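Undergrad: Quick paste of what TrEMBL says about this protein:
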type	residues	note
TRANSMEM	7-24	transmembrane segment
TRANSMEM	44-63	transmembrane segment
TRANSMEM	131-149	transmembrane segment
TRANSMEM	169-186	transmembrane segment
TRANSMEM	198-215	transmembrane segment
TRANSMEM	221-243	transmembrane segment
TRANSMEM	255-276	transmembrane segment
TRANSMEM	296-318	transmembrane segment
Amino acid sequence: MKRIIRDIVKYLLPLLCGVWLFWYVYQKLDIETIFQILKTDVNYFWVILSMVVAVFSHIARALRWRLQLRALHIYPSMRELVNAIFGMYAMNLLFPRLGEVWRCGYLAQREQASFSKVLGSVVSDRLSDTAMLALLTLLVFFMQMRPFRQFLDENPSIEAGVIGTLTSVWLYVGIALCVVAVVWFFRTNSQSRFVQRIRGLMANVWAGFASIVTMKGKFWFIFYTLFIWFCYFMQLYLCIFAFPSTSHLTVAAVLLLYVLGSLGMGLPVQGGIGPWHLAVIAGLSYYGITGNEAGAFAFVAHGAQMVLVVLIGIYAFISMACDKKKPKGEPVMEDIVTEIPESDRL
């Protein structure tokens, strides 16, 4: 019974919070008007084009991950990497960040590799994305300070929560106590099997994390990172041309919307449902796009990506079901190419 309750809290609570936020955002809007906008005012060519761009970003993520894995002497085929990335996004719809763990397990099993090393490569992969988001946030903050200030004024609980957390003495006391407790535990139990296993796990995770430093092809890693984030931005930018009410927005304005939406996606809710809509609609209000028009834009821009995630997830799992792992001694040409760890082979 306890396990059932725990699973309900773990999987359903974030989703329920997201659904509640989604309802909170849209309950004041005229749903019939929004559906009328979706039927008559939307140019879906731009929406479909944004979905195509999203596929390119996912493939670029697979290529970037391959560079890190090669530094760990793990050489999966491109098909396996794409399946892992596509499947990851689909799994994240079930539970936030579940897909990250799943793709590590999938690839480690396929390649008979260390799960913790693969996990370390994913940690460094995500840290590079976090660094990019931080840089974009700072850039937008200085370019569009007034909209940021307006957003915080309209959502004082967000500003108060961030400031309260960062200035809380208990936060730093808690961190210090945790560090002391961990160090004390490891030193007093250095010979136990449990501690030895944890140390081995941490060493493998660190090796995977350090792959970003030791890998060949650092130029391509940076290129893929910039390309991924360019595609992310273009997914939203292309969608503005689908609506007459948003087609006049500048690149700087869309960049603000993108950063706000990314911050909303950072909350532990499946697919960013609710927080993403709230953040983007709040950003649109600064540019005079409010009510039903803003709600319709957020619904379509986000919904298109969710539909794509479902489609590529279906493709990935069908591809995995049809793919029979070849014996190590019988590689085909694709495997031969991916087994050569040359930085210039892409």
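Yeah, the Cβs are placed from backbone N, Cα and C, and that goes for glycine too.
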Undergrad: Which one, 44-63, 131-149, 169-186, 221-243, 255-276, has the most C-beta pairs under 8 Å toward the transmembrane segment (296-318)?
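TA: Ranking 44-63, 131-149, 169-186, 221-243, 255-276 by Cβ pairs under 8 Å to the transmembrane segment (296-318) puts 44-63 first.
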Undergrad: For the transmembrane segment (221-243), I need the partner stretch with the highest count of C-beta pairs below 8 angstroms, choosing only from 44-63, 131-149, 169-186, 255-276.
TA: 44-63
Undergrad: Counting only pairs 6 or more apart in sequence, are there at least 3 Cβ pairs under 8 Å between the transmembrane segment (255-276) and the transmembrane segment (131-149)?
TA: yes
Undergrad: Short question: which residues 6 or more past the ends of the transmembrane segment (44-63) have a Cβ under 8 Å from it?
TA: 78, 81-82, 84-86, 89, 125, 220, 224, 227-228, 231-232, 234-236, 238-239, 241-242, 300-301, 304-305, 307-308, 312, 346
